[in-house]
Every structure is written in structure tokens, then in C-alpha cells.
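Peer 1: Let me begin by handing over the structure; questions about it come next.
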Amino acid sequence: MKNDVISPEFDENGRPLRRIRSFVRRQGRLTKGQEHALENYWPVMGVEFSEAPVDFATLFGREAPVTLEIGFGMGASLVAMAKARPEQNFLGIEVHSPGVGACLASAHEEGVENLRVMCHDAVEVLHKMIPDNSLSMVQLFFPDPWHKARHNKRRIVQVPFAELVLSKLKLGGVFHMATDWEAYAEHMLEVMSSIDGYKNLSESNDYVPRPQSRPVTKFEQRGHRLGHGVWDLMFERVK
């Protein structure tokens, strides 16, 4: 389970320079269930990319705190979180259409109505569609670590991207990351700690225990059985 959604090379204004993406477009074959979900539930829960900023109150039909998840994979944990918090709104971005189809099918089956999904490049969505100071939470769980040194530049968590996320969070909003790759966790911590405007919510100024709000995935359970660690980082926008 590797969810990877943007190209982290930017100019001084935070705009993408070259389309070196942190994901590989492995669309794969849609199952009949995924195809059915895309055909039938996308018109209700799907959001097309637009050059114009989105109005969340219009999109969800109400005013409520908005959580954005970048790279939701097959959507199991995103649907679980949305179902557990009906008083909040959730927007998920995933570039792989089978995952989007699976998420739509699961949301429909669970009767989740406070979830919208996109199938697009996340950095473009952040730049073009997400208003500044609008998000209560941004979630990035298990992005591709690109562990080979020559691929490190493909990692989604870089200073310009973290600064972009900061601009989209409300004051008091939180950027929550999780990874099972220790070197990437250290990289995330270094990047986030270098940015003025974020406060690490860890009492030890590094990692936080997994919050109850983040479901344990099957991928994570398998990792625990194999002795793999998982690192959660939570940074609040304080200025």
C-alpha cells in the first residue's frame, strides 16, 4: 500500500517546475464493482478538477470542518474515518482510478454522505482548488518513501509542499503524516521542523502515538506482525 500523489519540484513561489511525480500511474484493471461505482456514485461523490477555488459549503451542502486526505489508496481508512465523524466533511485525492472506484463503492455501502473524492494530481488541486485558510486537517498516510538516494527528490514531503499545506490549513489546523519507513519519518521531521508556522504536537518534539482517529490498516497490521515500526507526525498551524 503506497499512496503517492504529487511532484515535489517547485519554483520560489511553490509552483511545480517539472512534472517529476512522486507517483507512477498504475491504473490497472477496474473490477466490475469499481467500474459500477465510478459510473453510478461518481456523479454524487466525485469532484472534477477545476481551475476555480471550490466552495466547501456548496460542495458538501453545509458548513463543517474539512479534512483533506492525500493518497487514500483503496479508501478503507478514509471511509471509516468519514463514517466515524458524520459532523465533519472529508475530501480525498487519489490518482489511481481503481482506488477511487473502491472508495466510492465502500462509501456507498456504508451509507457515508460526508465524503467527496477526486482523481487528480494533488499539488494542482491544492494550488487551484483549495482556498487558503480553509482546512482543519490534512492527512498523508504511508506515501511512497522513494528510499533510493537518487529518488529522494520524488518524496512528496519537501519544504515547498509543506509550506503549501500550511497556507491551506486554518489557524489551529493540523498536518498529520504517517510512514512505516524510519528514514522517511526522519526526513519528514526535519522538513516540518524547519518551517516557521508549524508546531510539533509531540511531547518529545518528534513523533506522536497513533491517534485513535487513524484506523490501523491491513497493511499496517501485517507490518506489525513482521516487526515493522510506524511513525506518526502531527504538526499544528500556529501562525
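The backbone N, Cα and C atoms fix where each Cβ goes, and this holds for glycine too.
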Peer 1: With Swiss-Prot as the source, which of 12-17, 150-155 is set down as region 'Interaction with RNA'?
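Peer 2: When 12-17, 150-155 are checked in Swiss-Prot, region 'Interaction with RNA' belongs to 150-155.
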Peer 1: Write down the one residue from D121, D180 that Swiss-Prot lists together with K148, T217, K218, F219, E220 as binding substrate.
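Peer 2: Among D121, D180, only D180 appears alongside K148, T217, K218, F219, E220 as substrate-binding in Swiss-Prot.
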Peer 1: Kindly point out which candidate in E69, E109, E163 is recorded by Swiss-Prot as part of the S-adenosyl-L-methionine site with E94, D121, D144.
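Peer 2: Of E69, E109, E163, E69 joins E94, D121, D144 in the S-adenosyl-L-methionine site that Swiss-Prot records.
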Peer 1: Can you see whether DSSP assigns E94 (S-adenosyl-L-methionine binding site) to helix, strand or coil?
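Peer 2: It is coil.
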Peer 1: How do the residues of the region 'Interaction with RNA' (150-155) split into helix, strand and coil according to DSSP?
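Peer 2: Its residues fall into 5 helix, 0 strand, 1 coil.
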Peer 1: Need the DSSP three-state call for K218 (substrate binding site) to compare against my parser.
Peer 2: helix
Peer 1: Roughly how wide, in whole Å, is the group E69, E94, D121, D144 that binds S-adenosyl-L-methionine, by largest Cα to Cα distance?
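Peer 2: Overall maximum Cα spacing for these binding residues reaches 15 Å.
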Peer 1: Please identify, among the binding-site residues D180, T217, F219, the one with the smallest Cα-Cα distance to D144 (S-adenosyl-L-methionine binding site).
Peer 2: D180
Peer 1: Output, ordered by sequence, the same-chain residues six or more apart from D180 (substrate binding site) with a CB under 8 Å from its CB, or 'none'.
Peer 2: F142, E220, G223, H228, G229, V230, W231
